Amino acid sequence: MTRNDSTLDLTLPEEGGRSLVLTYLKIILMPALIYAFFVAGFLGFVNLKVEIHSVILMGFLFFMALIFARHNAELGCCIFERKISRFKSELKEYIMTHLLAVGNRKKSNAPFNSFAENFTLGLRNDNYASVAAGVFPMLGILGTFISIALSMPNFSSSNINALESEIAQLLGGVGTAFYVSIYGIFLALWWIYFEKKGVSKFEALLQKYKAATKEFFWDKDEISQSLMLEILNRNEKVADSFERIFNTDFNEKLRASMSESYDEFRSVIDMQKSSIDTTRATLSESAKLFYTLEENSIHLTKKYERVINSLENLISNTDEVQGNLNKQLEKFAISNEENRQNFENSTNKVVNELSNLRAMLSEANYQIFNAQKEATKSYKESIRASVDELKAKFNSLDTNDSIAYELKKSLDSIDKESKAIIERIEKDRHESK
């Protein structure tokens, strides 16, 4: 198959789309007509004696036939025909998934039958289909025995006529009981007919589709032949390659090339040898230098050890000094804390005493002010009383006017001075506030 994967096109034979309902009705048509005939005999429309138990048992068989008809090969083939477009698309995807390239040809390495089997798994239930042909006869025989058991008389009659009647009833029941077996066998034959017909049609369809898609699948012999041809072609190419390799001109060119390569390799070896000698001399000098460095390193190591010991002693002494210093600092901190506490207590005590002193001074000042106020008031009142008394006496005197005038001036001056003194005392009092 020498075509591009993306342009793969399947041309399958198109089958006419049959109706599923009509196909199902075709399968159950004859069993339905026969069952209707027996029902008509039971109802008296047909001259056929059928008991009620036989009608019921045949109805059960007909119901089972309706269920099993869904899984008949004829109906399954019809379902398959209606899914041909889906079959085509999935088959194309199946081929594309399993493509195998041999040479310049590409085909599917997976078989067609595997795809067809997987695609048709859900068309019907094969378990039902495999037991249907045996179920109907067995159910028919079982129904016959049930009908006989139901129509069996008691045989308890005491006279000949009654016994003959019971025997006639038994024979009539046996006759109608066999209708159930006959109906069951007919259903089995009818099922087998449509089953084989559907299987044949389905296999014919698959054979057509397989033949139509044959060019897309590798055949066992075809793939073996293609692989053999591919191997032969590759062997021819290998033989041509060996023939070109062993050609005379090629050998001469190869020999000349190898000679040149050998000369170049020899020169490289010589250069490598010279480089090794130089490296050996350099390594010898380096060894001597390393020996000298080692001796110096030993001396330096000893000096470093002495320095380290000195540093360790210094560190230990420093630790001791630091420990003593820490102890002194702790003592100083404790003493400082005690002094600070005493200072705070003294300060608080002084502050309290100053507060008390301030309160006492305020109280004394207040008392002095009140006393001064009372004294000023008394003094003022006494001066006024004296002045008033002098004025009264002056007014009562009958002396000359000059003496009276002089006394009056004296009294006025005394009055002014007393007012000035009172004003000065009040001013001092306000300032003291």
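Including glycine, each Cβ sits where the backbone N, Cα and C put it.
A TrEMBL annotation is a machine prediction, not a hand-curated record.
Summarising the annotation, TrEMBL assigns transmembrane segment to 21-46, 52-69, 128-150, 170-193. According to TrEMBL, the feature domain 'MotA/TolQ/ExbB proton channel' maps to 124-209.
Each residue in the domain 'MotA/TolQ/ExbB proton channel' (124-209) has a pLDDT score, and their mean in this model is 77. Only residues 6 or more beyond the boundaries of the transmembrane segment (128-150), in the same chain, are considered here, and those with a CB under 8 A from a CB of the stretch are 51, 53-54, 57-58, 60-61, 64-65, 67-68, 71-73, 173-174, 176-178, 180-185, 187-188, 191-192, 195.
Long-range Cβ contacts of the transmembrane segment (52-69) within its own chain (Cβ-Cβ under 8 Å, at least 6 residues beyond either end) map to 24, 27-28, 31-32, 35, 38-39, 42, 75, 128-129, 132, 135-136, 139-140, 143, 146-147, 150-151, 176-177, 179-180, 183-184, 187, 191.
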